[in-house]
Amino acid sequence: MSLSLDGVDLVHADGQRALADIRLRLAAGERVALIGPSGAGKTSLLRVLASQWRPSAGRVELLGEEPWALSAAARQRLRARIGLVHQAPPLPPRQRVVSAVLAGRLGQWPLWKSLASLVYPLDRAGAHDALQRLDLGDKLFQRCDQLSGGQLQRVGIARVLYQRAELILADEPVSAMDPVLAGHTLALLNREAAARGSTLLASLHAVDLALQHFPRVIGLRAGRIAFDLPAGEVDRAALDALYANEQLQAERASPASEPAVVHIPRC
């Protein structure tokens, strides 16, 4: 079992409940999409799974470990086995792309190697290989602030590939890309995860991409799991219920003279 959540709740300091009674299991090597309306709790769930946020209640097990039962040092070692792809990668603007990719293994290297790599990239070939898979091999020595949003997202994915993470958590990893590039990137991420035996959980607003690229789809609504189904069994009724509020808003915005057309939001 790659990850397991039993009865997980998350309540923020202001009293807002982000997650409620989450029960979820992913086997090693599974590839799963997480969908739902804005504010459903997708990012909160990924942060709990990355052991960045401690749940208010319930049990979390990641890669055979209970993160909040570990010492701080052991928990940091566990995090080094987990790759988190951010919607907006937190990369220093003046940092070179090569350094951004190599940072994926800072938690796995001894301190001297991590410090040395910040001054002089020690594995340029490895970084280039990861970038080349995402058609960014020519950006190796560019500064991060010279890249587009979609390019920065692909750098974030290259970083996780270089990290060789056992568990990949991707939070809206292709939101800044056009549909063709987004599909190409998700296909590559799935192939890489399958080839390495890594578990992949990706949150997506683009429902069509989730259904096309992932064998299993989880719908999250108001902090709760609304459905957990094989992609082929996710029907219109399930999606209508998942996005009910957004559909109602779309209907109200439609002119009275035109029939209301409900579109499942893409991003």
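Using N, Cα and C of the backbone, Cβ positions are placed for all residues, glycine too.
Over in Swiss-Prot, the protein carries these features:
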DOMAIN    3-247  domain 'ABC transporter'
BINDING   Gly36, Pro37, Ser38, Gly39, Ala40, Gly41, Lys42, Thr43  ATP binding site
For the binding-site residues Ser38, Thr43, the one whose C-beta sees the most other C-beta atoms within 10 angstroms: Thr43
Candidate with sparsest Cβ neighbourhood (10 Å radius) among Gly36, Pro37, Gly39, Gly41, the listed binding-site residues: Gly39
Where Gly36 (ATP binding site) sits in the secondary structure, as DSSP reduces it to three classes: coil
Other residues, Cβ within 8 Å of Gly36, Pro37, Ser38, Gly39, Ala40, Gly41, Lys42, Thr43 Cβ centroid (ATP site): Leu220, Arg221
Those residues of the chain, 6+ apart, with a Cβ under 8 Å from that of Ala40 (ATP binding site): Leu220, Arg221, Ala222, Gly223
Neighbouring C-beta atoms (10 Å sphere around the C-beta of Lys42 (ATP binding site)): 24
Gly41 (ATP binding site) - helix vs strand vs coil (DSSP): coil
